[in-house]
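Notes follow once the structure below has been shown.
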Amino acid sequence: MARTINSGRTRDGWLFVAPAFVLLAVFLAFPVLMALWVSVSDWRGVGSPFSGDVGFVGAENYSNILTGGSLQQRDFGTAMRNNVYYVLFVVPIQTALALALAVLVHHRALKGRGFFRTAFYFPSVTSAVAITVLWLFLFNSSGAVNAALGWVGIDGPNWFGDARGIFHTALGAVGVDAPAALTEHRMLGISWWEWLAGPSFAMSAFILLAVFTTSGTFMLLFIAALNNIGEEVDEAGMVDGAGAWQRFWHLTLPMLRPTVFTVLTLGLIGTWQVFDQIYTGTQGGPAKTTLTPAYLSFQASFNSQRWGEGAAIAFILFAIIVLLTLFQRWALREKS
Amino acid sequence: MKTTHRAVPGIALALATSLALAACGGGSGFEDSGDSGDSSSEGGGALKVLIGSSGDAETKAVQDAVAAWSEESGTEASVQAATDLPQELSQGFTSNNPPDVFYVSTDTLAGFAANGSLLAYGDQLSNADDFYPTLVDAFTVDDQFYCAPKDFSTLGLVINTRLWKEAGLTDADVPTTWDELETVAGTLTRGDVVGLTFGPEYQRVGSFFPQAGGAMVSEDGTEATVDSPANLEALEFVQGMMRDGVAAYSSDLGAGWGGEAFGKELAAMTIEGNWIAGAMENDFPKVDYTVAELPEGPAGKGTLAFTNCWGIAEQSDNQEDAISLVEALTSADQQLAFADAFGVIPSVQSAAQEYADGRPTFQPFVDGAEYAQNPPSQEGAADVISDFNAQLEGLQDGDPEAILQSVQQSMQAVVGQ
């Protein structure tokens with residue numbers, strides 16, 4: 001008897017998870033496997049990738065992107081450079097800002113906390129496309145940002161039209177010009193000097209955009225975590241004679257470690273996949289300085305009919321994100 | 001696991017979509033009677049037409065034209081305007097369910113031709129001989145005339161009449177040589193106004209190449225000729241004007257394209273195509289302008305031609321009707337109607353006279369068709385051009401020779417395939 005009941009339970013269990021399982025398989029696992037197959041095939045975007053006349057080409061699509069000094073490799077190198085700077089700037093800034101905002105609006109002494117929480121969170125709920133369009137206006141060469149810079153005597157750049165890297169511009173201002181040692185050697189098809197360009201002014205505007213829109217979301221996570229830390233911890237610190245800064249640095253922050261990990265991970269994933277702002281805003285320009293691997297993947301597939309390379313870029317991006325997340329987990333581990 | 005699926009961007013979603021579409025188009029259900037063959041013998045199904053429209057005027061004109069054909073032929077046809085044409089076309093092809101008739105641009109032609117998406121029907125058209133030879137060339141890949149040119153545009157020199165007069169210039173001063181162009185650009189550069197503007201791209205700057213006797217690829221399309229002395233001369237001339245401050249990229253003036261900079265009177269002259277007429281009428285109705293042919297360079301006249309064609313899908317169930325629809329859409333009368341509706345130039349020579357008679361201002365654009373050069377359209381050339389454009393943005397402070405050499409390398413890789 002008991003066995004019958006149990007086996008019935010198992011069957012029912014399977015029955016209940018089946019819909020979710022089928023949905024996941026059809027809309028998640030299958031497309032991922034399909035993309036994986038496309039990345040090692042010579043499929044040209046006509047008919048099914050599983051039809052008989054699509055051949056296996058091994059790692060050819062990957063090697064086209066990663067080696068050989070071809071235009072594809074240079075484009076990928078440029079996209080990687082752009083995105084590395086995007087990640088390097090956005091992730092730390094948005095995390096720090098989110099934490100700072102959370103601490104501020106968490107403070108009980110603050111009047112109208114609800115108002116500030118809503119205000120800071122607001123950019124996060126606005127559509128990315130709408131905000132991007134707003135940004136294009138704000139950062140126009142004769143837009144509000146440059147007008148504001150004009151008040152303090154700064155002649156602002158033509159943001160979304162300016163392809164100069166900010167590091168190059170800064171170095172140029174102090175008289176440093178491309179040293180031969182850096183221009184001669186290349187990685188992923190572009191020279192070391194190009195790698196050191198820094199984000200272009202156009203990309204810098206996107207960096208500010210990302211910080212502006214995502215800090216609010218992460219602020220919520222930090223507020224939730226702060227609420228979980230009992231007041232007695234803070235009070236105990238006070239009794240021990242710790243100042244406000246010491247209490248934050250030695251008590252609050254260590255207790256926020258899991259949240260910091262979450263925020264960094266989410267930030268890392270989001271920034272490596274930046275696509276919609278680029279698609280609506282600049283389509284990779286000026287001078288390819290806002291090209292990102294995600295956008296390049298789209299472009300290679302849909303506009304150039306090089307589906308294999310497009311899929312390969314997606315998987316390289318996937319590998320990068322996984323590796324970085326693992327690294328981050330290791331770096332933020334409990335060191336006791 | 002969560003990271004896994006987040007990490008595969010757009011493309012996974014796109015493939016999921018195409019999978020879903022494939023499931024619908026694959027023939028197991030719904031009203032689609034599955035793969036081609038049987039349905040075409042019954043006179044074929046309804047035709048789907050997908051266009052990349054410049055606006056409501058164009059969409060409506062095409063809808064009307066297709067509806068008229070539909071009534072006459074008795075075959076149903078519907079028109080849809082795409083928001084992102086190459087993307088929507090690609091989705092159609094991957095799912096075996098593409099539109100029957102659609103716009104194809106010269107830069108996407110080679111890619112679609114190479115993967116077998118396009119029907120090479122050009123020679124089956126009754127009016128095939130009427131198209132301008134340059135345009136037929138533009139849509140010929142490997143000696144196969146793929147699709148009928150829809151219309152075309154060439155570049156001309158657009159001049160702001162008011163600024164021209166204020167600078168003390170007369171009709172006799174309209175530049176016909178590079179030297180004259182440089183001189184009038186200098187005269188017109190006053191205050192905040194720059195003499196000449198154009199977009200930072202090969203599609204504008206490249207018009208100087210044929211004037212100097214250069215081209216991106218050799219005549220037979222087998223060799224890249226980007227770093228030729230003629231192209232270098234042209235690029236140095238453009239760079240010189242920019243360094244002297246008498247010419248500037250529209251982007252440096254804070255405008256999205258030459259027409260916008262021109263309409264806002266940030267510049268007195270621009271190099272643009274006939275599509276500027278629509279923008280001027282809608283956005284800058286108060287600005288008067290005239291059009292002249294581009295000035296001659298050391299090797300004579302030169303301009304660039306841009307065109308789209310009516311592509312027909314190889315996978316279409318109803319190719320016969322599709323060809324008949326395209327014949328109707330490219331007839332001289334229909335093209336003149338399109339010209340009225342949204343300012344394009346007819347692609348057939350038999351309509352040239354009537355077109356120019358009705359629009360004396362546009363005569364220079366039509367004249368350009370005789371000597372216009374096509375941008376390179378080899379498979380992969382579009383990527384090279386966009387790389388070229390990226391480098392051209394830095395032309396003012398850049399080294400023209402280095403730019404041409406690097407583009408030469410990528411272009412050779414494309415044509416040498």
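Here the Cβ of each residue, glycine as well, is placed from N, Cα and C on the backbone.
Beyond the ends of the transmembrane segment (A:12-38), by six or more residues, the same chain brings 49-50, 307-308, 311, 314-315 to within a C-beta distance below 8 angstroms of the stretch. Annotated transmembrane segment per TrEMBL: A:12-38 (among others), in sequence order.
According to TrEMBL, the feature domain 'ABC transmembrane type-1' maps to A:80-328.
Long-range contacts of the transmembrane segment (A:84-106) within the same chain: residues 113, 116-117, 120, 198-199, 203-204, 206-207, 210-211, 214-223, 226-227, 248, 252, 256, 260, 263-264, 267-268, 271-272, 274, 292, each at least 6 residues beyond the stretch ends and with a Cβ under 8 Å from a Cβ of the stretch. Residues or ranges marked as transmembrane segment by TrEMBL: A:84-106 (among others).
Look at TrEMBL and you will find A:118-138 (among others) tagged as transmembrane segment.
When Cβ-Cβ distances below 8 Å are used as the criterion, the transmembrane segment (A:201-226) is approached by residues 82, 85-86, 89-90, 93-95, 97-99, 101-103, 105-106, 117, 120-124, 126, 128, 131-132, 135, 139, 157-164, 166, 252, 255-256, 258-259, 262-263, 266-267, 270-271, 274, 277-278, 281-282, 285-286, 289-290 of the same chain, each at least six residues removed from its ends. Positions annotated as transmembrane segment by TrEMBL: A:201-226 (among others).
Counting only same-chain residues 6+ beyond the ends of the transmembrane segment (A:255-275), those with a CB under 8 A from a CB of the stretch are 83, 86-87, 90-91, 94-95, 98-99, 206, 210, 214, 218, 221-222, 224-226, 229, 233, 292-295, 298, 317, 320-321, 324-325, 328-329, 332, 334. The transmembrane segment annotation in TrEMBL covers A:255-275 (among others).
For A:311-332 (among others), the entry in TrEMBL reads transmembrane segment. The list of residues near the transmembrane segment (A:311-332) in space but at least 6 beyond its ends in sequence, with Cβ under 8 angstroms from a Cβ of it, reads 35-36, 38-39, 61-62, 64-66, 76, 257, 260-261, 264-265, 268-269, 272-273, 293-294, 296-297, 300-301.
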